[in-house]
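Worksheet: the structure to be examined is printed underneath.
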Amino acid sequence: SLTVSSTKLIECSTKSFSPESVRLVGGAGLCSGRVEVKSNQSWASVCEADFDRQDAEVVCRDLGCGAPAALQGGLYGEGKGQTWDKEFQCKGNESLLLDCDTSDRENNTCLPGNAVGLTCSEPDDVRLVGGGSRCAGGVERYDQGEWRTVGTLSDVKDIAAVVCRQLGCGSTVSVPPGNPARGFEASCSGSESSLRECPRSYDRSPGLTVICSESVRLVDGAGLCSGRVEVKSDQSWASVCEADFDRQDAEVVCGELGCGAPAALQGGLYGEGEGQTWDKEFQCKGKESLLLDCDTSDRENNICLPGNAVGLTCSEPDDVRLVGGGSRCAGVVERYDQGEWRTVGSDWNQRDVAAVVCRQLGCGSTVSVLPGNTTRGFGVSCSGSESSLRECSRSYDLSPGLTVICSESVRLVDGAGLCSGRVEVKSDQSWASVCEADFDRQDAEVVCGELGCGAPAALQGGLYGGGEGQTSDKEFQCKGKESLLLDCDTSDRENNTCLPGNAVGLTCSEPDDVRLVGGGSRCAGGVERYDQGEWRTVGSGDWARTRVAAVVCRQLGCGSAVSVLPGNTTGAHGLVCDGTESALRECVITFDRHSGLTVICSSGDNNIL
């Protein structure tokens, strides 16, 4: 493809349009596949009998890859077109396959299954420097005759995953900030086999520092801290049998990967590995820093039955906290990084960052993201689906710190916004759905209030699906005036069975925290939002005003925005919306001061404006 990123590869790809060039097709990346050569403007596969190790060395070099690792007929299937009618006779030192001698084939027939496939090792064009081992340090790539720093402004965890994979260094442990060097920018999806498959730009971006696990990894899990356990064995990865891996071994692996304590350990939990199985039994004491430091013994039985490849779920690390908010589930966001607690900031995606923080801390749903934190911290950007903050992309720009309030003991899940979803309550450090029979209107009033929402609008079993986990065994008996669901009385359920479809779902109305003032009706006027005990003017930059207005009119039930007028000059904290939000509190808060907004919505008597 001509869209590959390195200059060297672009030259190689351009050359592939000249006569008698070479390519590898049907493989997993740029350095593996069925060998095909250009013949009379079409591509021809090569018969295994006409292609040997020395020929392979030239092809791998020609394509900018490492040494040949596998060479076999049928390795990457059969070509649909013609077969090359020459035998290559390379010496192995040529720069290009075109430079090699050829001879006519003795036999003009190539039997099915003999189209030669080639796997080249990945090139030694990536390294980690200054980190004390080959699997930790600043990322550099060899390019155009020199080692150059690799940087990025986004996709940090995806680039780190590719680097660790290419170096054979297991899983990503962390991506610390603070690399002052700047380098060419790379962007990866995370599935690439080498960094050179990632697009690049020549914009200068902050350099990347990566720490990999080196000898152990967790694969096919939902994040960095869960998956099937695999260990490095003779330069390849092997799964581990459940019988050879216990709780103390798991403690070492979780610690090595920078995760919290083991939460689940079970054979087949994350599927079966396709490769070999580790032939040793681990005998860790639980205090070792690395799995490689643990004693091992030969397995008593060399057979690991299907379904026994051990899977491990580690809890998320205790590297995030909320401070100054009066409880562990409210306050300024900080993350432990490089030996100290650092403020976390965000200019965008604030509610997504908040959702991840509340999830990681086991603190339920986001209640609000407050402005007014004047401390600035390293920037973070999340999609909202991550299990921990360290899976989010980060930038090295200083951004306004975030203050987050989480619900702590109750949450609404699988709904369209912060104020709707299936009711789940915290039970022994896990979340349990609530049966419809155990939850009434007064209970709903408390939950809606605790989450900062308006009055209950809908309450029904199965409204937002059934929970996959346990069901709460208590019946709530709220009076409707309590501040928290935890303050309500409970009683044991009369019937311990909750039938399918009865997990209670709740829709709260949006909170009465937005108003339009001075316009003669509730659907026209200057925009104000109730925040931290007072009504505050809301402002926005020119480019975002119409979207903010659309959300205001939607939240107030006032139809569509007719116009957004200038003229309200009161300084205000800025908001940025994409226009699809159901309430203004779901929009991003900026810390720039803007002139206020005057909005006219389509519903209501707006004639006076």
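Every residue, even glycine, has its Cβ placed from backbone N, Cα and C.
Note that the structure is predicted; figures quoted are calculated from it, not measured.
In the domain 'SRCR' (22-121), the DSSP tally of helix, strand and coil residues is 16 helix, 39 strand, 45 coil. Annotation comment: TrEMBL describes 22-121 (among others) as domain 'SRCR'.
Taking the Cβ of Cys90 (disulfide bond) as centre and 10 Å as the limit, one finds 21 other Cβ atoms among all the protein chains shown. The feature disulfide bond is assigned by TrEMBL to Cys90-Cys100 (among others).
The feature domain 'SRCR' is assigned by TrEMBL to 126-213 (among others).
If you look up TrEMBL, you'll see Cys188-Cys198 (among others) marked as disulfide bond. Secondary structure at Cys188 (disulfide bond), taken from DSSP and collapsed to helix, strand or coil, is coil. Within the same chain, residues at least 6 positions away in sequence whose Cβ sits under 8 Å from that of Cys188 (disulfide bond) are Asp155, Asp158, Ile159, Ala161, Val162, Leu195, Glu197, Cys198.
Annotation comment: TrEMBL describes 216-315 (among others) as domain 'SRCR'.
Packing around Cys294 (disulfide bond) is summarised by its Cβ count: 18 other Cβ atoms lie within 10 angstroms of its Cβ, all protein chains included. The disulfide bond annotation in TrEMBL covers Cys284-Cys294 (among others).
Taken from TrEMBL, the feature domain 'SRCR' covers 320-407 (among others). According to DSSP, the domain 'SRCR' (320-407) comprises 14 helix, 46 strand, 28 coil.
What TrEMBL records for Cys382-Cys392 (among others) is disulfide bond.
If you look up TrEMBL, you'll see 410-509 (among others) marked as domain 'SRCR'. Averaged across the domain 'SRCR' (410-509), pLDDT for the predicted model comes to 88.
Note: Cys488 (disulfide bond) has non-local neighbours Asp443, Val446, Phe476, Gln477, Cys478, Lys479, Glu482, i.e. same-chain residues 6+ apart with C-beta under 8 A of its own C-beta. Taken from TrEMBL, the feature disulfide bond applies to Cys478-Cys488 (among others).
Per TrEMBL, the feature domain 'SRCR' maps to 514-609 (among others).
The disulfide bond annotation in TrEMBL covers Cys577-Cys587 (among others). In sequence order, Val548, Val551, Leu575, Val576, Cys577, Glu581 make up the list of same-chain residues 6 or more apart from Cys587 (disulfide bond) whose Cβ falls under 8 Å from its Cβ.
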Cα-to-Cα gap, Cys392 (disulfide bond) vs Cys284 (disulfide bond), nearest whole Å:
32
Compute the C-alpha separation of Cys294 (disulfide bond) from Cys382 (disulfide bond), stating it in Å without decimals.
36
Expressed to the nearest Å, what is the distance separating Cys90 (disulfide bond) and Cys284 (disulfide bond) at their Cα atoms?
51
Tell me the Cβ neighbour count for Cys100 (disulfide bond), meaning other Cβ atoms within 10 Å of its Cβ, over all protein chains shown.
19
What does DSSP call Cys488 (disulfide bond) in the simple three-state scheme?
coil
Far apart in sequence but close in space: which same-chain residues, 6 or more away, have a Cβ under 8 Å from Cys382 (disulfide bond)?
Asn349, Asp352, Val353, Ala355, Val356, Leu389, Glu391, Cys392, Ser393
